[in-house]
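Visitor: I have a structure I would like to understand better, so I am pasting it below and will then ask my questions one at a time.
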Amino acid sequence: MLKVSHMDTFIGRKRIIKDVSFQVKPGAIVGLIGPNGAGKTTIMKTILGLTKFTGTVAVDDQPVTENNHAALSGVGALIEHPAIYPFLSGLENLKLYSRDSDDMDHVINLLQMQTYIDTKSKDYSLGMKQKLGIAIAFLNRPQLIILDEPMNGLDIEATISIRKIIKQYAAQGASFLISSHVLGELQKVMTKAILITEGKIIVDKPISEFNQLSHQQYKILTENMDQTTQIFKDNRIPIIKSDDYLLIKHDLLFQVQDLLYANHVRLLELSPRGMSFEQIIVGILEKQRRQQHEK
Amino acid sequence: MSFSLYQEFYKLSHKKIPWIMPLLLLVLMVFMGLVYPSQYGNLMVMTSYNTSDWILIILVITSSTLFSMEFQNNTILTLVYKAPNKLYVYLSKLIVMFAYNVILHVLSMIFTALLILTPINKPVSWMATYQYHQPLVVNMFATTGVDLITSLLIISLIFFMSCLINSNSLVITLNIAIIFMGSYASSDLLNNSSKLASLVKWNPLNMINLTTQYYSYAVTRGFTMLSNLQLLIGAAGYSLFFLVVGYLIFRKKRF
């Protein structure tokens, strides 16, 4: 569906996106995640042919260039802020982009916008504007939908509803590229995560692999936590400190037990501990920063 | 292209300004008819009650708003990626503005035909020979035709500046300054550079005098130093130049 190969994006002479390559297959929901300024929006804009770039972007094997968007006819997008005209009502905004009135009605019903669709969009709340922006992206039955921070300003009901719609469209074969700061929410829908920092992809994995990672830590509680910390430090055992316990990786389990036994430290608790998706991502980013600092 | 044109017409027709402006134009025409002495009746008809400058100001406000709203509302991103290429976006806006320009000129002629039936104007004969040995009605159509070229020059300048400058108010101010002061600036430039006058007379500001020179040849020819045809060619040439350069800037613009 979408194939990005060796994409370099420039702002002026500055290289913002560095040799980025990835694919979004039909029916896939790919999460583009990373810290602020990592380049997520720039990647999305580049896919939409809105910035100068080198490398290739292809949608259904048709190339996209900065000045040829023919391949984007089956693409819907919400980039940065909802693209709406305040002097038009929600319905008029949709009519401006719609090529099929039945499909437009379907999208309005799907997003439950019937009660305010005839109101001028300048009177909309942040959440209503966001929904309208998402509705524009879903118009004309797109095969690829690019959503930049789609959950911004949405209440819980709307968030759940959008999540369902995304899954429904994906089940029908549509592909998604979504960026979001609400990682927990993204984790619930995505099939693959691409982690990006400083314009480079550092992780591109199916979500199932992240889920495996989340069970790879053990919680340790001993009768002398200070001594335990010192033993681990002396033996170069990487740990994550919490208020009253320590976390270690599961592959170090036996080594840690042996060390504590050898040093006569009594274990009070040793139990597997799940890590949230957010903690995994933060951990990867911290590791990346450490490696760069060491270089 | 047809879908891009549909979008632009849809937006223009749903904004209030394009509907209010013709009414304002009528008010200004009535005002001009009242202000000018009755012996200028034929000239008032020929110039459609001196609407040239007013139409240019309306175009400045409407065109720059049409451009700037896309950046203010972040709609430019959707507009550009949904169009097959950036030329479609630029051309559709240009075509819509030129069509609006034509509508304003047609309305100014219709208003003129109505106003001469009122006491504002002393009775005139449409078929009486007036300037260029032509009937008054032909003079009016010809002046309108010439003014379409002058207004195209202003539209091209607005498009060029809107692509170059992000501030809508600055674009409006600069263009209104050009409309009102451009011909004086050009005249001063020509007076102060007598040795280079043959070159300076081709400056773009001089071309804004096209309509004025057409209906007031004896007065204007002296300070433009160009014939009607030369002004016409100059205005058309600069329009093309500003439109092409404006498009090249738009194409390179970062969204």
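Glycine residues also receive a Cβ, built from the backbone N, Cα and C atoms like all the rest.
Pulled these features from TrEMBL for this protein:
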- B:20-39: transmembrane segment (TRANSMEM)
- B:51-69: transmembrane segment (TRANSMEM)
- B:90-116: transmembrane segment (TRANSMEM)
- B:136-160: transmembrane segment (TRANSMEM)
- B:167-186: transmembrane segment (TRANSMEM)
- B:229-250: transmembrane segment (TRANSMEM)
Visitor: Within the same chain, where does the transmembrane segment (B:51-69) have neighbours whose Cβ lies under 8 angstroms from its own Cβ atoms, ignoring anything closer than 6 residues to its ends? I mean 6 or more beyond.
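Guide: Beyond its ends, the transmembrane segment (B:51-69) has Cβ neighbours at 8, 11-12, 15, 17-18, 21, 24-25, 28-29, 32, 75, 93, 96-97, 100-101, 104-105, 108, 147, 150-151, 154-155, 158-159, 161-163, 168, 171-172, 175-176, 179-180, 211-212.
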Visitor: Below 8 Å between Cβ atoms, which of the listed ranges B:20-39, B:90-116, B:167-186, B:229-250 makes the most pairs with the transmembrane segment (B:136-160)?
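Guide: The stretch I would name here is B:229-250.
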Visitor: Give the nonlocal contacts of the transmembrane segment (B:20-39) in its own chain as ranges (CB under 8 Å, at least six residues past its ends).
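Guide: Non-local partners: 48-51, 54-55, 58, 61-62, 103-104, 107-108, 111-112, 115, 120-122.
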